[in-house]
Structures are given as C-alpha cells and as structure tokens.
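Enquirer: Got a structure for you, written out below as structure tokens; questions coming shortly.
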Amino acid sequence: MRTNKVIHVIGVHAEGEVGDVIVGGVSPPPGDTLWEQSRFIASDETLRNFVLNEPRGGVFRHVNLLVPPKDPRAQMGFIIMEPADTPPMSGSNSICVSTAILDSGIISMQEPLTHMVLEAPGGVIEVTAECANGKAERINVLNVASFVTRLAAALEVEGLGTLTVDTAYGGDSFVIVDAIGLGFSLKPDEARELAELGMKITAAANEQLGFVHPCNADWNHISFCQMTTPITRENGILTGKSAVAIRPGKIDRSPTGTGCSARLAVMHARGEIGIGETYIGRSIIDSEFKCHIDSLTEIGGLSAIRPVISGRAWITGVSQLMLDPTDPWPSGYQLSDTWPAI
C-alpha cells in the first residue's frame, strides 16, 4: 500500500452520535493554549477536511484529536471537530473520548470508578467513569460553566412569524425553542425538516440576538438550535426531549450534552430545577443523558451552573485513514445531497 499519511482512529458513538477519536498519526497543532490549537485547526482546515469530508467522512461524523494538555491539572486534552465547527466543548464527544482512552488503555482504567481530568478547548472538565470488566460503562462529565443569556426573547423568523426563544451556553451556544409550537413531536421521520428549520432559526438568532462568551470573545455566535418538548415528570424524574440542529444541517442523534447543560441553566433560572435534582434529556432516537446541577458559580459577571452529564459510549471499530499519493481528492469533497449548504 502506498500512502503519504496514516491516521489511527478509534470509532466511537455516544448514545447514537458518532465521535471518533484520533489516537495517532497527527502531531499537536501549534498554539500556547488548547483554544489556540483549536483555532489553528479551524482556520487551517487540512485535518478537518481530510477526516470529515467524503470519502473518509461525512456530515454524520465528528472527530476528536487527542493532544497533550496545557492545563497541569489535566491528563489529556482533546480538540473537537464537528461537521462545520471546531467548538469549545461537546458533551457526547467528551463521553466518546473518555470511553476510547479508557477502553483502549491509553489511560489506565480503575474499577469500579476511574477519575480523570480532561482539557477541552473551552476549559477543564472532570470525568468519573463507571467501569466493570474492562469497559467504561458510563461516563459522568462535570461540564464547564453554563449560563443563560436571554429568557423569553422575541425572534422574527421568515415564514414562522414571531417566536419566543431562550439563549444559553452549555459548553456551546444555543437558541432554544418550543418544538410543539412549531408542529413537531420530535420523531425520526421529522429529522430532515427539523434540521432545515433549525438552520433557519439559528441564522435568525445570530442576526437578531447574537452571542459572545463573556470570557472568550472569539466564540461570538449561536451554534445550534435546540427544539424542545415541555418538561414532564416520569416516575418523579424531570424529563425532556430535544432535537438539536447542527450546522450545516443535521440532527444530533444523542441528547446533546452541551444542549442539556444549556437547558439546565434555563430551567434553574426559571426555578424549575434545584441543585442535585436529576433531569433526563432524551434525543430524537430516544437515547438518554442523565444530568443534574452540581453547583452554582459565576462567569464574567453572569450567574452560572456547573452541570453533570452522564451517558454511555461504545467502540465501533479501529481504522487507519490513508492518502494515496495519486488520489486526486486529497482534501475530500462535499456534495449537497447529503451535506447541506450553510
């Protein structure tokens, strides 16, 4: 076999959402901080294009690059590459990364609990992995500070009129809207329409409401539209379903850890949930994250929470991505039949 490069990948999904992990073949990018390293990857695009574009990837795929941490508290760093963004944090991807590094032995597993500190571009997270029989069975992530920026804001969306929305940050930035009011019940056969409408709402929210992280002015847009059903109690436990539209136009298969964190911040701001109370976030395929508020904090003068996201991930395979020197598409390609135009 002829190849100009070999990238070693562990395939993983967390509650349905693909979050593959690069474990070899890629040098750490330049930058004094993980955020700077992630900005290099975002602007350079070489690695993103190679692993995310067809024929090696697709719009369904997220890929994480393991890097040495910059924060001395952390044992490992990771940079998240989503189809269109290189975000500060991702709940499902942090669960994929934690599972991959424990199940593969990159970090030694301790049963029944393994405690780790990982560094994402958006900050340090604490992980407690529930382990048995050589498998990380459940990953509990103490997420970064999550906060509300707007409650019950008016948003004009062409074809929909005036919507009432919330905006919040849970490791990434969200506009949150009632799905029932839009005529959806959040079923798999609604995914295409949800994705298209979500992109439309996100664009309107960026134009009219905007977002700037109080401690990181580089993150200055709303990334996702989270369409939600009302909170109910199932067997006494607060439960809610959501579908998160991810750029350039797909629906998260998992319950979206950063989305659950943002929703917890909104719920707490409204007095709907207390510290330590369990909330189950459910996805469009009915997978679940178990979440709760660990503590209250403050960030950039804003009241915030530290949420915990709990979910499962599974190894799907091990692969090597290669580039034949005669391949006419070294950066891959995107077609609008599966990769919607932003």
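Every residue gets a Cβ built from N, Cα and C, even glycine.
Since we're looking at a predicted model, the values are computed, not measured.
Summarising the annotation, Swiss-Prot assigns active site, proton acceptor to Ser90. For Gly91, Ser92, Asp252, Gly257, Thr258, the entry in Swiss-Prot reads substrate binding site, with the evidence type experimental evidence.
Quick one: where do these features end up spatially?
Expert: According to its DSSP assignment, Ser90 (active site, proton acceptor) is coil. Within the same chain, residues at least 6 positions away in sequence whose Cβ sits under 8 Å from that of Ser90 (active site, proton acceptor) are Gly19, His62, Ile80, Glu82, Ala120, Gly171, Asp172, Gly257, Thr258.
In the three-state DSSP classification, Asp252 (substrate binding site) falls within coil.
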Enquirer: Find the longest CA to CA distance in the recorded substrate-binding set Gly91, Ser92, Asp252, Gly257, Thr258; express it in Å as a whole number.
Expert: 12
Enquirer: Other than Gly91, Ser92, Asp252, Gly257, Thr258, which residues of the same chain sit close to substrate? List them in sequence order, counting a residue when its Cβ is within 8 Å of the Cβ centroid of the site.
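Expert: So the extra residues in range turn out to be Ala14, Glu17, Ser90, Asn93, Ser94, Gly171, Val244, Ser254, Pro255, Thr256, Gly259, Cys260, Phe289, Ile309.
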